[in-house]
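Database features (TrEMBL):
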DOMAIN    B:5-91  domain 'Acylphosphatase-like'
ACT_SITE  B:20  active site
ACT_SITE  B:38  active site
DOMAIN    B:204-407  domain 'YrdC-like'
Ligand SMILES: [Fe+3]
Ligand SMILES: [Mg+2]
Ligand SMILES: [Zn+2]
Ligand SMILES: [Zn+2]
């Protein structure tokens with residue numbers, strides 16, 4: 001990968017790479033924009049910049065991650081994701097073979113999620129000014145009639161569900177980055193959730209809210225919603241799915257899986273009387289096999305998220321400003 | 001006869017404690033005339049009579065002071081004669097009452113005598129009390145302290161009780177919780193499922209049911225003064241084991257309840273000093289050394305306080321507890337039994353599920369203690385303010401307070417300065433809050449650890465309650481420097497909501513300021529904070545610091561050399577991780593997996609090698625933890641400070657048997673090398689940052705086989721090393737007053753040893769006495785710092 005003079009040929013090469021991998025009627029027109037029409041309904045748009053080290057990890061790479069991240073953000077509104085744009089910032093010297101691998105992985109992920117990458121852009125920066133490859137994706141989707149899914153819809157009495165095990169992504173990345181070896185390799189859970197969401201909203205259109213607990217994990221997401229909806233939450237440690245190897249790794253490292261990032265899980269809130277039904281739908285779907293009802297939305301003037309521990313005690317699952325600082329006194 | 005008159009103004013704890021009837025009776029006895037009334041500051045009286053009578057009166061005022069009264073200030077001045085014809089108690093008008101709320105007090109000797117007098121109308125009545133004793137703070141909903149503002153408002157006084165209440169000569173004159181079997185609260189008893197056991201004579205039947213269960217080795221939840229206790233027979237090992245299992249409390253020591261000091265003396269060593277402390281009206285849990293030969297089986301002893309050579313003991317603090325023991329003693333007649341040694345010895349532990357606040361409500365008890373308690377001894381006098389048992393350390397002559405709760409709260413501290421009202425929200429563990437009014441600070445009771453949501457709610461309620469009780473509007477808010485504590489979040493929100501200035505105070509600065517407040521110190525001191533963890537400047541983790549503190553702020557002048565915490569907070573729960581860090585630092589990584597066989601040991605080694613989640617700290621608390629694990633005394637803390645307590649206990653055992661080990665000094669102080677990240681808040685800083693280097697000591701300790709010897713050696717070396725270091729700093733700074741603060745000073749070997757050393761060198765030493773030296777004192781320190789900084793600049797010649 002070259003930058004500046006002589007980079008022109010390279011840029012062309014890259015463009016061809018993208019064209020080939022993402023090929024679709026909009027991109028193939030080679031305009032500076034994509035022009036498309038959307039089915040009826042409210043249009044949803046989300047954008048996310050992806051920066052991750054290492055770029056390749058067990059269970060995925062930055063290419064597929066950049067599709068999953070944005071597709072999931074769009075899907076959390078209940079929308080069907082349709083189109084993506086992709087912006088690349090590449091560091092001078094980044095291996096073309098690696099780029100090819102990433103792009104192919106993106107194309108696969110997009111195809112699996114039923115979205116087309118319809119427009120894009122690439123910039124190459126000087127060596128040392130980037131970390132190999134950064135990818136920004138923007139997604140557009142359409143919300144089917146009759147859905148109103150949003151943080152402020154969460155109400156006292158709602159049940160809280162998660163679609164699967166927590167902490168996989170964060171622990172996988174950290175283990176790889178630090179060269180930590182555990183008995184079994186922990187894989188990232190990076191995946192797109194639009195099909196799981198579609199199945200869920202079809203059966204339970206009354207879902208109040210969905211979120212993907214990415215950075216800051218379950219804890220940060222629940223606190224955000226508690227604040228915005230003005231409610232408290234009570235979750236039960238015994239009900240929260242965590243893979244034994246993730247749990248053990250967290251234990252060793254001194255991490256709390258509730259605060260660790262996920263890239264292929266969602267949290268859903270729905271009225272209590274529909275929770276079992278929703279759970280059943282989720283569990284039928286391959287991406288929700290380990291789904292669980294983990295708690296309740298409660299009335300709480302202080303908007304606490306609290307957890308009943310497996311020992312029957314209670315614990316704050318509180319808000320953390322930035323990095324987790326030790327606080328045991 | 002030569003008559004004259006004086007006006008006496010008294011402030012302190014003089015309302016709601018029988019002070020006016022005491023004055024009335026005293027005046028009548030001496031044939032004096034005049035009047036007495038409550039005043040906003042306390043009590044005011046005018047008294048007339050002959051010189052000798054007046055002198056005698058002022059003498060006896062001090063000598064015969066009612067047990068719950070506390071005089072802070074007394075001014076008397078001659079006034080013109082008014083020619084009163086008698087002595088009168090004037091009713092108090094609204095606005096005339098002071099803000100003092102009185103702590104709860106153990107049953108007084110008069111009430112105790114009545115309780116076991118078959119001809120008394122309150123014979124065996126569990127709620128007997130008078131102006132000299134009984135519940136106070138736990139019942140108060142608002143001030144002034146009148147029955148209508150207490151949870152006793154639910155009970156109408158009967159004719160007999162009302163006449164006592166209205167008779168100035170009676171011991172129950174204005175005793176707000178006054179009650180009798182005809183009109184007052186009653187007992188009830190339910191089985192483990194919460195079904196009321198049908199009873200005839202309610203009080204008796206309930207007590208019999210509870211005693212029967214205890215005798216059978218069962219666990220009974222008993223509603224006391226400040227909350228529920230779980231009680232079982234301490235002599236029944238199975239019962240204690242079951243209590244530990246049910247409460248999921250594997251090792252944390254339990255307190256023991258015995259009828260009197262004679263009975264307790266069969267298990268712990270009681271000298272006169274300790275006996276007196278136990279019998280005081282706050283009736284605390286007192287930590288005392290075990291008897292060499294206890295009347296308890298060794299097995300039971302280990303079940304109650306495993307690995308420790310001391311134990312917490314207490315005497316009954318309410319009539320109900322006396323009655324329970326009365327049942328367990330087989331209902332002896334008369335009152336001789338009260339004085340003699342009695343067999344029953346009970347485990348008495350606060351009733352809650354681990355970490356949750358103490359339970360105060362009947363319904364809540366039945367729900368939360370289901371599966372733990374086999375029966376519930378309940379009553380219908382509501383507890384408004386939750387108060388855990390207070391804990392006092394009886395291992396040292398000064399008997400410092402470890403935890404302020406029932407009998408000690410609310411605590412009023414006279415501050416060295418006055419200022420606009422401050423609300424201070426404390427730290428994270430053992431939280432208390434503090435509100436100041438004028439030159440007085442009111443420190444709440446122990447609230448709990450803020451990782452528990454109910455304790456956080458308690459904090460929020462306590463703020464409202466204390467502000468209301470004191471009738472103040474805080475003018476500023478102060479919190480810890482750690483942004484993630486609920487106490488800090490609460491302070492931010494409170495300040496925002498009321499549009500008040502907010503400031504944060506560094507944790508160890510607050511520790512030192514708390515001791516300064518208690519001793520009314522102003523001007524500069526050197527503070528040695530030996531503590532767990534507190535957030536320092538630049539997000540460093542402090543806990544073994546030398547700070548120069550004065551009215552303008554603080555400057556860090558020294559610190560302990562760094563330890564590593566593989567896993568952050570996890571290392572506080574698992575001292576072996578700290579020890580692993582010590583071995584890594586001394587180049588003995590190979591030793592780590594030889595000594596520790598936990599599942600995570602390989603990962604921990606890797607974390608140390610690659611600096612993954614291994615924050616550095618200068619914490620002394622972690623040093624004690626790590627050394628305990630290094631010596632093989634305790635690798636995992638199943639309760640807070642377990643390792644540190646076992647280390648102290650091991651050292652005590654060694655020293656008692658062999659004396660202090662002798663060895664050349666292994667600690668040395670020098671100039672710290674990596675000072676870039678350190679900053680100070682005083683711009684006149686010209687002192688260098690020094691460091692007490694632990695490396696040689698830790699390497700030596702890692703090679704010692706005998707843990708008791710190692711523990712003693714560590715204590716000796718650490719005390720001596722600190723002593724020299726502090727002495728050098730005193731010399732360099734010219735500040736001759738040293739404050740010892742922080743949770744590590746609960747360790748009496750350390751506190752005594754270091755105090756002695758420093759005093760021998762002519763240094764003035766101050767440490768915590770009334771306020772716990774641990775994080776329970778942080779709120780007071782925060783308030784003190786905020787008050788000082790809010791003083792006008794000209795009084796401080798500083799640029800704040
Ligand atoms: Fe502290
Ligand atoms: Mg996102
Ligand atoms: Zn009394
Ligand atoms: Zn009565």
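Glycine too: its Cβ is placed from the backbone N, Cα and C atoms.
Just so you know, TrEMBL annotations never went through curation; they're auto-generated.
When the Cα atoms are compared, residue B:20 (active site) and residue B:38 (active site) turn out to be 8 Å apart.
Of all Cβ atoms in the shown protein chains, 24 besides its own fall within 10 Å of the Cβ of residue B:38 (active site). Around residue B:20 (active site), taking its Cβ as the centre, 24 other Cβ atoms fall within 10 Å, counting all chains. Per-residue pLDDT, averaged along the domain 'Acylphosphatase-like' (B:5-91), amounts to 89 for this model.
For the domain 'Acylphosphatase-like' (B:5-91), the DSSP-based tally of helix, strand and coil residues reads 24 helix, 38 strand, 25 coil.
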